[in-house]
Amino acid sequence: MDAALLHSLLEANCSLALAEELLLDGWGPPLDPEGPYSYCNTTLDQIGTCWPRSAAGALVERPCPEYFNGVKYNTTRNAYRECLENGTWASKINYSQCEPILDDKQRKYDLHYRIALVVNYLGHCVSVAALVAAFLLFLALRSIRCLRNVIHWNLITTFILRNVMWFLLQLVDHEVHESNEVWCRCITTIFNYFVVTNFFWMFVEGCYLHTAIVMTYSTERLRKCLFLFIGWCIPFPIIVAWAIGKLYYENEQCWFGKEPGDLVDYIYQGPIILVLLINFVFLFNIVRILMTKLRASTTSETIQYRKAVKATLVLLPLLGITYMLFFVNPGEDDLSQIMFIYFNSFLQSFQGFFVSVFYCFFNGEVRSAVRKRWHRWQDHHSLRVPMARAMSIPTSPTRISFHSIKQTAAV
């Protein structure tokens, strides 16, 4: 049957009596079919709810749909839609009161999702605190601002910005999400930009180590501006292309309502997967060189490289696995899906904390610089206290004051 004909038949089944019942309940003025734009015509929305002919200016209520997307809903609650003064239906329909009726399995999953959300919030809060502390340490310790630590600093910065944007995304409510507001789409775009910069700075980490160890190229000759361009500038046109694709092909739900792995999303997910694969190649070569050539070496530079490689070996698979999990089917059984929910939530939310620990708090240069700064502060403080006490002691016949010394020197 033709879709338009089927839709017309369904609309015909929307009874005019329902609209008259609304009027009897006091929802609007009497219908005047002869008057211009005095009522809204009977129509069906995209969900399939029947909206009967209603008077202009009336707020019409209809029972929530019994089923939608295979989920059963509570039909004792109502959805609302306004018939505008010009005789047209408002495009926005209020389904906020409609709640699904959950069976035991759905209730169990709902509970696990709520717990996973708490884990997400906790992990992001811990990560932001650790990342900000690491950022301030790199900012304060100017003595360790070599190229390697500048790269760490930028990676930490991307995680801070990404986590902040994640919190902003959580503020988007269902109505804003469905109405596809411009500011909501901007938040999604900025969030995805920082996601891409995240992985490109991980690529810069791998590129730096590969250049220094495998290619035996002097790190002093590497240009910081080149790495800054790779980490911050290259992701920009990628996200612009993704935003254009979303605008023309999937301009709905604030641009993050689709399932992971959607075709338009591969515009930015593809480069991320590519740099992850390149980083794995880099690390394979780095480990091979360390195993063959640097095993017997004990120089301080080599030790630093080894520590950096260990950190990257831990972090890169960790970050790569958390991202690639979105493309993995956890399985049909309940245990696999529940484990997937918790495992993914934990790694996604705490990865900023792991970055701070491996690249800052466990960084030997950072710890040494902090100890030196602390000892310097202690020495400075311990010198000031005795001097202040000496200045506060009154002069006596048995002691020579600072004032008397000046007078003696003058004579």
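The backbone N, Cα and C atoms fix where each Cβ goes, glycine too.
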Among Cys14, Cys50, Cys64, Cys83, cysteine joined to Cys40 by disulfide in Swiss-Prot:
Cys83
If you look at what Swiss-Prot says, which of Cys14, Cys98 makes a disulfide link with Cys64?
Cys98
Would Swiss-Prot have Val71 on the same side of the membrane as Asp334?
yes
Between Cys14, Cys50, Cys254, Cys360, work out which one Swiss-Prot annotates as bonded to Cys184 by a disulfide.
Cys254
At a threshold of under 8 Å on Cβ distances, which of 109-139, 147-171, 186-214, 222-249 pairs most often with the transmembrane segment (266-291)?
186-214
Other C-beta atoms that fall within 10 angstroms of the C-beta of Cys40 (disulfide bond):
25
Across the topological domain 'Cytoplasmic' (365-411), average pLDDT on the 0 to 100 scale:
60
Cys40, Cys64, Cys83, Asn86, Asn94, Cys98 filtered to the recorded positions whose C-alpha is within 10 Å of Asn74 (N-linked glycosylation site):
Cys64, Cys98
Of Asn74, Asn86 (the glycosylation sites), the residue whose Cβ has the fewest other Cβ atoms within 10 Å:
Asn86
Within 10 angstroms of Asn86 (N-linked glycosylation site), Cα basis - recorded positions out of Asn41, Cys50, Cys64, Cys254:
none
